[in-house]
Amino acid sequence: MQNQLVLTAAVEREDALRYTPAGLPVLEMWLRHQSRQREAGFERDVSCEVQALLIGEAARKFSGSLAGKMVTVSGFLSQRSLRNPRLVLHIEHVEFVKG
Amino acid sequence: MAEEYAVQVAVDVPLFGTFSYLTHLPLRAGQRVRVPFGPRRVCGFITNDIPTEGIETGRLKRVEELFDELPPLPATLLAMVRFAADYYHHPIGQTLFTALPGALRTDRAVRLEDERLWQLTGAGLAEEPPARQKARRALWQALQDGPLTNAAARGVSAQAGRILADWLQEGRAERVAPEALPLRVAPAPSLNDEQQRALEALSETRDDFAPYVLHGITGSGKTEVYLRLIERVLAAGRQVLLLVPEINLTPQLIERFTGRFPATRVVMLHSHLADGERLKGWVDAWQGRAGIVIGTRLAVFTPLPRLGLIVVDEEHDGSFKQQDGLRYHARDLAVWRARQERVPIVLGSATPSLETMANVAAGRYRRLTLSRRAHDAARLPTIRLVDTRRIKLVEGLAEPVIAALKARVARGEMSLVFINRRGFAPVVACTDCGWLSGCPRCSAKLVVHLAERKMRCHHCGWEEAVPPVCPDCGNVDLKPLGQGTQRLEAALARLLPEARLLRIDRDTTRHKAAWDEVYRKVHAGEVDVLVGTQMLAKGHDFGALSLVTVLNADGGLYSADYRAAERLFAQLMQVAGRAGRAEAPGEVLVQTQWPEHPLYQALLRHDFDGYAQTLLEERRMAGFPPAVYQALLRADAYEIATATAFLTALRAEAEPHADGVLVSGPAPALMVRLANRERAQLVFESGSRAALHALLERLVSLAERMAKAHGRALRWSLDVDPQEM
């Protein structure tokens with residue numbers, strides 16, 4: 001099953017680093033994406049806010065350095081929880097881009 | 001060869017009755033022997049003075065050895081053991097062995113330190129050792145000043161043992177029994193009028209059974225009343241037995257007694273003593289050398305030839321009831337013993353049990369009340385409820401509670417945060433798929449202990465590492481749910497960064513010296529906020545506590561266990577009582593979602609009597625103890641079906657004999673699974689104790705017989721007057 005999203009966005013804000021009970025670092029952040037895309041043959045403005053999650057060593061590495069930066073991230077989508085169907089992007093790769 | 005005859009011997013096996021053995025020794029009841037039992041050699045005790053008649057002696061095995069380094073057990077102890085075995089329907093041998101210190105349960109002789117003192121004889125005094133014999137000379141000189149104990153003599157010279165043995169042989173030294181020191185009493189604080197009246201009332205009866213309830217609010221100075229009463233009993237040459245909950249048996253408590261009576265031997269008895277130490281204390285009590293025995297529930301059996309008074313402090317405490325083996329209640333046995341030995345007994349508490357309150361109401365016990373705090377300036381704390389239904393909690397804490405804590409820290413006053421859950425959080429959950437950290441062996445959840453990254457079952461002791469991902473769906477982001485002491489401590493560290501925190505729960509007080517350190521820190525003013533479990537609700541005096549806050553107490557309001565409300569109320573009264581001792585007026589904040597509940601409303605008014613009456617009325621209407629007498633027959637097996645089948649068959653056999661006894665079940669236990677066993681129970685209730693016990697007598701022999709078909713797969717036990725369902 002395909003589930004892959006690549007997105008270039010500004011990190012609007014990031015939470016303080018937290019840890020799972022097993023001790024893995026977790027970084028939660030909100031991404032603001034703005035671009036122009038084609039739809040039905042027309043150019044249009046696109047904008048969205050995406051909640052994203054970075055777990056593991058990368059979370060510790062990037063913690064505190066992402067807010068306000070432009071990044072290209074890739075990862076998969078999952079719903080927030082059993083009861084909350086809002087989508088969350090689970091980031092696997094982060095790359096800084098000149099914005 | 002002397003004539004041989006049969007004697008009855010009690011041994012530590014799960015079989016009812018005693019066993020016949022052959023001997024030619026003139027054995028008496030209470031003597032300790034070694035006998036063969038199956039393939040083993042075991043310790044046993046003779047239970048009869050008169051040789052057993054009419055027994056085919058030819059097939060009996062012989063008593064192998066008599067241990068006579070101690071006198072036979074006293075008849076009073078044997079009588080108490082017989083009563084406990086009958087009342088709790090437990091095998092006599094196992095009952096007796098529960099009552100004894102470990103050293104007397106082995107099939108080996110015990111070694112007791114010779115308590116006598118060394119002194120020089122006339123010949124010894126006359127013969128001064130020459131100066132070159134340094135050790136002999138030093139010892140001789142030390143003995144000029146008076147008799148020495150073994151230990152003191154060894155302190156003078158490491159060779160003292162050998163030298164003194166030589167001198168004993170040569171008639172130069174002898175051993176003398178230490179003289180009992182006259183009672184000395186250190187200066188004591190004065191009593192207020194209530195304490196004085198209670199003391200006088202308690203002193204009215206001597207040499208006769210008289211049950212009293214000393215109902216004194218927290219901080220009212222019950223211990224001082226005990227001390228004064230004990231002084232009078234000691235002055236009359238009698239001994240005192242003081243039972244306390246294990247958690248209250250602190251060095252501070254012992255110091256109060258040894259400090260008050262510096263010339264009296266005070267013996268401490270509890271299950272954490274080394275065998276030798278416990279035996280020594282027990283024998284000292286038995287031989288009349290100790291004036292005071294302070295101990296946990298097991299101390300109720302201590303033989304005391306000159307017993308003059310029994311005190312059960314914090315008589316409502318659950319730890320007086322043993323939860324396995326002989327399921328005895330030390331308070332109840334203490335009352336029986338006081339009646340048997342014709343001495344007064346004092347049951348002390350700020351929150352007497354409903355059983356005790358019912359006995360007061362029925363006129364069986366006389367109640368004495370201490371309604372004021374002993375310290376003139378000390379007042380009862382104000383209690384407020386913080387309704388948490390519509391407000392957002394920060395890490396489990398309501399805003400007004402955080403503000404109150406901040407204010408205390410700023411003023412340099414000490415607060416206490418009470419939450420009855422140790423660990424970090426009561427459960428780990430996967431919010432993606434709904435997985436919860438269940439115990440693989442119990443119907444309970446594993447509690448997170450974050451510092452060790454472990455999950456532990458607080459019921460069976462199972463422990464495993466916190467899984468890195470959800471075992472069901474693979475989600476990494478597992479969440480600890482709910483609050484435990486560790487999490488609260490971490491949260492308070494963030495919310496009150498300037499406060500010095502001290503966490504007190506079973507995990508932080510495992511080490512022997514832990515309480516000493518707690519007291520040192522608290523009294524040195526090195527703590528701003530104490531965070532802890534029910535351990536803090538017990539009789540500790542933390543001095544000037546200005547604020548007590550209670551979190552997550554609601555669980556006890558609607559529990560399936562009918563005793564939950566009684567326990568919660570007592571616990572909250574006790575924990576609230578930690579506030580406002582000494583000079584600082586206190587405040588108590590209770591976070592709850594049920595502020596209208598009668599329990600909390602009674603708590604607001606400090607109305608113990610009113611709420612106790614409400615609960616007693618509820619119990620009467622529902623037909624629960626103390627309105628009826630109750631017993632529980634529990635069975636457990638790998639599968640509940642086995643336990644239920646056994647109980648169903650047992651009930652069918654027993655019910656025709658259940659005259660005036662209500663039988664219910666089998667029903668699954670409140671916690672069905674425990675340590676890989678599934679549990680069910682039958683409940684027996686009756687308004688007549690005699691009717692209940694007549695049935696239990698039959699029930700136990702039925703159960704013993706019927707359980708055989710199931711072999712080891714099935715276990716069963718009877719709990720008379722159960723404290724937990």
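Glycine too: its Cβ is placed from the backbone N, Cα and C atoms.
Because TrEMBL annotations are produced automatically, they should be read as predictions rather than curated entries.
For reference, TrEMBL has these:
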| type | residues | note |
| --- | --- | --- |
| DOMAIN | B:203-370 | domain 'Helicase ATP-binding' |
| BINDING | B:CYS430, B:CYS433, B:CYS470, B:CYS473 | Zn(2+) 1 binding site |
| BINDING | B:CYS439, B:CYS442, B:CYS457, B:CYS460 | Zn(2+) 2 binding site |
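There are 14 other CB atoms within 10 A of the CB of B:CYS433 (Zn(2+) 1 binding site), with all protein chains counted. Chain A comes close to B:CYS433, taken from the binding-site residues B:CYS433, B:CYS442, B:CYS470, B:CYS473 by a C-beta to C-beta distance under 8 angstroms. Within 8 A of the CB centroid of the Zn(2+) 2 site residues B:CYS439, B:CYS442, B:CYS457, B:CYS460, the other residues of that chain are B:PRO440, B:ARG441, B:ALA444, B:LEU446, B:HIS458, B:HIS459, B:GLY461, B:TRP462, B:ARG673, B:LEU674, B:ALA675. Other Cβ atoms within 10 Å of the Cβ of B:CYS442 (Zn(2+) 2 binding site), summed over all protein chains shown, number 21.
When pLDDT is averaged over the domain 'Helicase ATP-binding' (B:203-370), the result is 95. Looking only at the binding-site residues B:CYS439, B:CYS442, B:CYS457, B:CYS460, the one with its C-alpha closest to B:CYS433 (Zn(2+) 1 binding site) is B:CYS439.
Straight-line distance linking the Cα atoms of B:CYS460 (Zn(2+) 2 binding site) and B:CYS430 (Zn(2+) 1 binding site), rounded to a whole number, equals 23 Å.
The Cβ of B:CYS473 has fewer other Cβ atoms within 10 Å than any other of the binding-site residues B:CYS470, B:CYS473. Ranked by Cβ neighbours within 10 A across all protein chains shown, the binding-site residues B:CYS430, B:CYS460 are led by B:CYS430. Within 10 Å of its Cβ, the residue among the binding-site residues B:CYS439, B:CYS457 with the fewest other Cβ atoms is B:CYS457. For B:CYS473 (Zn(2+) 1 binding site), the nearest neighbour among the listed binding-site residues (B:CYS439, B:CYS442, B:CYS457), judged by C-alpha distance, is B:CYS439. In sequence order, B:ASP432, B:GLY434, B:TRP435, B:PRO471, B:ASP472, B:GLY474, B:ASN475, B:LEU478 are the residues of the same chain, not among B:CYS430, B:CYS433, B:CYS470, B:CYS473, whose CB sits within 8 A of the CB centroid for the Zn(2+) 1 site. Cα separation, B:CYS430 (Zn(2+) 1 binding site) to B:CYS457 (Zn(2+) 2 binding site), rounded: 18 Å. B:CYS470 (Zn(2+) 1 binding site) sits 20 Å from B:CYS442 (Zn(2+) 2 binding site), taking the C-alpha atoms as the reference points. B:CYS439 (Zn(2+) 2 binding site) falls within neither a helix nor a strand when secondary structure is assigned with DSSP, and so counts as coil.
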